[in-house]
Ligand code: NOJ
């Protein structure tokens, strides 16, 4: 396998998110996000850590962008912090926030690196959460205004846009389980958040299309290959339900298939929150979709789990190789996922917008020898190539992540970076995986 086997138009990149790297949580007029408030609450985050400083990307963006260039990575995915641009989520615009992203974008372009912007990577303005956040249908127009501001401010230089990051995770963890910001739970909050997220995704796609007509517009999904724990019918049906819930709930309405309600009956309750032209308004013809795949899950039937009657068999209990997130290392998952999404005719193009792994990296004599991560990336790339060679329209691969960063409720312990960060000194050390990628991408 070499770079050329993927074709010359294949997009190679690295991904990040504002809240996980920027720090400067209250600098230059930024408003609070739900994650600023969530991390300030006791016992929500492992080790009571927060992201007030994170990787200090806000100040060190030139250092990090120079590192991207030194690793021969031509594309950089990052997200915009909504409350940095609009401290209250609506109304007043913070020019200093816009100036900051202009500096980042201009420096990327100066370095010959293509910017890929995600509009929403989970840091909702707290002021909007006070009005109900994703459970309030008004979020459709709030988000349209925010998208318009981004498109008008940056659309002259940014061609690649992603509306959402992993809707299934932020609605599930943030609005059903309450383990991510804003810490809401219960079926009603979850279903409202799901439906409004779907409406917003399509609406923001239309705003981008109108304002930046030639843009490459996408949105990203988390996805996991699901297998039943046994051949028993009830385990197979449980796996089918979990697959529909995790992998199909958000993509299918966007391409005109509606929610997978016959496979996940509890989603029928979504109908309470539908109105008027929603079926039509939920659809948008995206140029690409981003898939983010890390592992597989094994599922068994369970009468104890409400609504879905299925449970995951934890990887730790299965005696398999795991990452620091306790996620099984199973490279064929990305192949199966690509094949699965590749069968939807309405999907024009797929880009792997995240793949990577957390391992317990250590600095020894100034070096980080992360063989496991290097192998993880290589093995996943082989699976991507296999799917591509079998005809799946997969056109890019972005590693999660550039540097180690703030892993949400897990704090700083899981290290996902190609570059090690010493959080006390903000020193960066390129890991062996980063050097491998640099050499791989330099091949002619
Ligand atoms: C999914 C999310 O998009 C990202 O924020 C997170 O850090 C990685 N995957 C790893 O969990």
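Backbone N, Cα and C atoms are what each Cβ position is placed from, and that goes for glycine too.
Taken from TrEMBL, the feature substrate binding site covers 20, 121, 165, 294, 400, 407, 408. The local packing around residue 294 (substrate binding site), expressed as other Cβ atoms within 10 Å of its Cβ over all shown chains, amounts to 24.
Taken from TrEMBL, the feature active site, proton donor applies to 166. The Cβ of residue 166 (active site, proton donor) has 23 other Cβ atoms within 10 Å, all protein chains considered. DSSP classifies residue 166 (active site, proton donor) as coil under the three-state reduction.
The active site, nucleophile annotation in TrEMBL covers 354. Neighbour list (residue 354 (active site, nucleophile), Cβ cut-off 8 Å, at least 6 residues apart, same chain): 15, 220, 290, 292, 293, 294, 398, 399, 400, 401.
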Work out how many Å separate residue 121 (substrate binding site) and residue 166 (active site, proton donor) at their Cα atoms, rounded off.
8
With the cut-off set at 10 Å between Cβ atoms, which of these binding-site residues ends up with the most neighbours? Options: 20, 165.
20
In Å, how long is the longest CA to CA span across 20, 121, 165, 294, 400, 407, 408, which the record gives as the substrate binders?
18
In angstrom units, rounded to an integer, how far apart are the Cα atoms of residue 20 (substrate binding site) and residue 166 (active site, proton donor)?
15
For residue 408 (substrate binding site), which residues of its chain lie six or more apart in sequence with Cβ-Cβ distance below 8 Å?
20, 35, 45, 122, 180
